[in-house]
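In TrEMBL this protein carries:
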BINDING   Gly124, Thr125, Asn126, Gly127, Lys128, Thr129, Thr130  ATP binding site
BINDING   Arg408, Asp432, Asn433, Pro434, Arg435, Gly489, Glu493  meso-2,6-diaminopimelate binding site
DOMAIN    31-109  domain 'Mur ligase N-terminal catalytic'
DOMAIN    122-320  domain 'Mur ligase central'
DOMAIN    371-491  domain 'Mur ligase C-terminal'
Amino acid sequence: MPSPRPSSPQATSLTAVADLVGGLLVGADREVTGVSLSSQDVVPGDLYAALPGANAHGARYAAGAREAGAVAVLTDAAGGEVLDADGVDLPRVVVEHPRSLVGLAAARVYGTVDLPMRMYGVTGTNGKTTTAYLINSALTALGHTTGLIGTVETRIGAERVKSVRTTPEATVVHALLAVMTERAIDSCVMEVSSHALAQHRVDGVVYDVALFTNLSQDHLDFHPTMRDYFLAKAALFTRERARRGIVCVDDEWGRELSTLATIPVTTLTSLDDVDADWRVVAGEDDPAEFTLSDGVTTLHLRSALPGDFNRVNTAMAALALMAGGVDPQDAERALLVDPHVPGRMERVVVGDYESFRERDADTLADLGLPMVVVDYAHTPDAVAAALKALRPATTGTLVVVLGAGGDRDRGKRAAMGGAAAEGADVVVVTDDNPRSEPPEAIRAAILEGARAAGTSARLHDVAGRAAAIAEAIRAAHAAGPGSVVAVVGKGHETGQEIAGTVHPFDDRAEARQALEVLVAEAARAQGGLRR
């Protein structure tokens, strides 16, 4: 599905674009009404950004862009040579590094240089999606008309569009912001990935509030080192990109960022031995309840999702709301609303009994079935945190199902296995998105880490994710009442990439089907389900 575009685009001269990016205009001046990076996304009137790529130069596809209606090209000297060789006679703006200037060009063309909405940008290894949803949900509860751009979806008011990546390309970002402006959106919350910052996808956007949740090992297939990964995220906390920051200083990277940032920063911690402006203190009776205080103002908050990390996510959202001008008491009230974050500590409900959602836990308990939770945890720290969050709810056996993505950071696989073995009683290692790698090799790396942990966790190697989920749920059921199954890694995803093909697959649907089989068996054994 194509990304939304503004319904009434404004024309911008190619001369104005060239002047803005410091480029050389070759050919006649034209008016452009949009910008696209892919020839397949071009609509009539577009400026086609032909960038050098890993496999081919984007200028190779300029003829197709012209056929689709592109009226000009933004490229480099090498791209200009390709255009000449291919006989593509479109006017062009030539710059030395076009990727670094696409965002500025798109902001000019789409009129998003000065946005009328408040912008929130959330970065960090874990917690971006949950924190973004918390802010968006709270703003909506307070009567704001909101937009959301992130891993799961893009929201423009009531419209929802499935996301392809956490942060879209700059051309898409600015088109979306232009649409939001047209529709009178007053607040937009964006997840900002390290890839997006390194690849200039959010250039031309200035955030009113930038948030940093945490940093742990991930994406080292893209970033050479953890420090490179950190510096990519730290780039968000500069005057060119944000006006003020909120930084969780529970880890060393957050503490360094709080001193490295060139914008005013408010700090937050949930640790007793770390100094910060605001502190999270867990409640004694109910772990979901906590206070957030700076010594003068105290908020009494409740996390809608389980786990210590979700208290921090909720606190981050509260600070973001207050930084955006929301009264502390209003923030308290608004954050009581469950944000319904897809694939984040999401409880699987038995499909045949959707009308009995409030009684689902009792239904499962009556039948001796395990609680099943799906979570996006795909880093060692996230796996450990998810299992720690579920342990208090487990009076029986805690089972985890996990894999790791192929063609991605290989160094985290063993650590994920170790985290699983340390946090669960039973570890079922299976396939995630193996992509071009042999699935058995990925599983072997995870199992090696699980064995090295030296715990008493029982380890299982199960090829095929559907089979693994079904086996884990049946094993938890056999283990007795109070058992919990955590299916981690893919969360909200609805596809599984294997050898270049994306197959329909949803952890939640597979878990629901496995539970329904057990419900049917238990119902038959009990002579019918009591309702």
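Yeah, the Cβs are placed from backbone N, Cα and C, and that goes for glycine too.
Of all the binding-site residues listed (Lys128, Arg435), Lys128 sits in the most crowded Cβ setting, with the most other Cβ atoms within 10 Å. Long-range neighbours of Thr130 (ATP binding site) (same chain, six or more residues apart, CB within less than 8 Å of its CB): Leu305, Asn310, Asn313, Pro339, Val341, Arg344.
A Cα-Cα distance of 20 Å separates Arg408 (meso-2,6-diaminopimelate binding site) from Gly127 (ATP binding site). Cα of Thr129 (ATP binding site) to Cα of Glu493 (meso-2,6-diaminopimelate binding site): a distance of 13 Å.
The Cβ centroid of Arg408, Asp432, Asn433, Pro434, Arg435, Gly489, Glu493 marks the meso-2,6-diaminopimelate site; residues of that chain outside this set whose Cβ lies within 8 Å of it are Gly403, Ala404, Gly405, Gly406, Asp431, Lys490, Gln496, Glu497, given in sequence order. The number of other Cβ atoms within 10 Å of the Cβ belonging to Thr125 (ATP binding site), over all protein chains shown, comes to 24. The highest number of surrounding Cβ atoms within 10 Å, among the binding-site residues Asp432, Glu493, is found at Asp432. What surrounds the ATP site, by Cβ distance within 8 Å of the Cβ centroid and not counting Gly124, Thr125, Asn126, Gly127, Lys128, Thr129, Thr130, is the set Val122, Thr131, Glu191, Thr213, Asn214, Asn313 from the same chain. Of all Cβ atoms in the shown protein chains, 20 besides its own fall within 10 Å of the Cβ of Arg408 (meso-2,6-diaminopimelate binding site). Of the recorded residues, Arg435 (meso-2,6-diaminopimelate binding site) and Lys128 (ATP binding site) place their C-alpha atoms 24 Å from one another. Under the three-state DSSP scheme, Arg435 (meso-2,6-diaminopimelate binding site) falls in the strand class. Counting in whole angstrom, Pro434 (meso-2,6-diaminopimelate binding site) lies 21 from Thr125 (ATP binding site) by their C-alpha atoms. Neighbour counts of Cβ atoms within 10 Å were compared for the binding-site residues Gly124, Gly127, Pro434, Gly489, and the top value is held by Gly489.
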